[in-house]
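What follows is a set of notes on a single structure, which appears directly below.
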């Protein structure tokens, strides 16, 4: 829509004065269309889209936004009265924009030129529109905080687009249309996320095919999955077997398997939310790295520090995505909360600590859950740590230079050096752990003092009667032969196949059973723990 060469106010309107008043178009924004508008000079927007705003130029700094300027002094007085009658809600975006500029100036900018002011105002307008539509998040989980960061990134992108169109005289795209297009893209374009989810579905079917379409008893597998043996046959990772056979591909194949339907649904739900958001905001290649590097790294940590268990599942990759999301939040921490500076009664520091508290609480809860059986906490923690580190290296920062910050050579050098050091830590640690694992026998733990804090713990620790146990004696199908020797009237000898494949012999006369069927599953599991 082109700017008209002149505008007039019809004197026959009952709300206007008599006669026709010519308006100087140099200081009047053309009427804003809800979907697009244009002005070759400097189109600006306000919180309401149903009235025009003034062009803000270096030669007209005394003009106020939202007031029309005319050549007639009476109309100017009426415009001023109309401006004074604005509600406090209408003035709030302008105050927030001023607070944003003050915040940026307080962070080291001695002066901000007019273009930076317009950019900050465009960004603040987008934030105001989002708040007006009730899209203010509660920030009580890492996913909500990450979604809020994605909204901040989208609003900056809209402000960048508005700045480019303003400089090139192109029609604007309204914030609402920009947001609608972004939402449509979020469902159509995360191809790698959908490919991962489809591959997990196919592998879940394959696992049941390997098991002969059988479900394990709930006492053996409470996650509604196939028997434990078929999990390994389908591609699960057990350190000793992997090292002896040289089947290193299990470090990757195990990331596509799940121990049961519940495990599958929980992991894929997390991948859908976190993976999709990362792919939309940072691209497919970034998702590929923050998904597969933590997935493999998690199983390397498990095989090295907890070699006695069979591990599988996408949990390492899921925690890698969570770690990468937290990295995105941390590196953009300051800019992410600028929108809260002008909220009365709300402390910016309190909001930061609130977000930090919820993210820390999530990690503590996940760590505690990982101490339960059937869950390999070392895969979780390894995936989270490497996801955080990879995210710090490759995730794109919010463009502070758009607001005149971070443009110096020193800032760029410090950022590059920090990323390089973190990348060196990632590569060096993975190489070290890989060499350690290749030289391991699959049984000896190199740092046994560390493992109990990250792997399964038998609880409660103060009594002999445990709620759960942390070994394969509870998860594997045990086979044993009992017999009587030396004319004994009760079974006193047992030959048992241990979970690692070895055969052991023990004395079971203490039970006093004269029938083999009297040995219960819990008792056989106890014998397994004692002998194996």
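Glycine is treated like the rest: Cβ placed from N, Cα and C.
Predicted automatically and left uncurated, TrEMBL annotations should be read as such.
Summarising the annotation, TrEMBL assigns compositional bias 'Basic and acidic residues' to 24-38, 75-95. Among the features that TrEMBL reports, domain 'Peptidase S54 rhomboid' is placed at 246-396. Among the features that TrEMBL reports, region 'Disordered' is placed at 1-45, 58-95. The annotation transmembrane segment is assigned in TrEMBL to 191-209, 248-274, 286-305, 317-335, 356-375, 381-404, 416-435.
Here the transmembrane segment (248-274) lies next to the transmembrane segment (317-335) in space: the count of CB pairs under 8 Å, restricted to residues six or more apart, reaches at least 3.
Between the transmembrane segment (191-209) and the stretches 286-305, 356-375, 416-435, it is 286-305 that has the most C-beta pairs under 8 angstroms. Within the chain, the transmembrane segment (416-435) has long-range Cβ neighbours (under 8 A, six or more residues past its boundaries) at 293, 297, 300-301, 304, 386, 389-390, 392-393.
If you take every residue in the domain 'Peptidase S54 rhomboid' (246-396) and average the pLDDT, you get 86.
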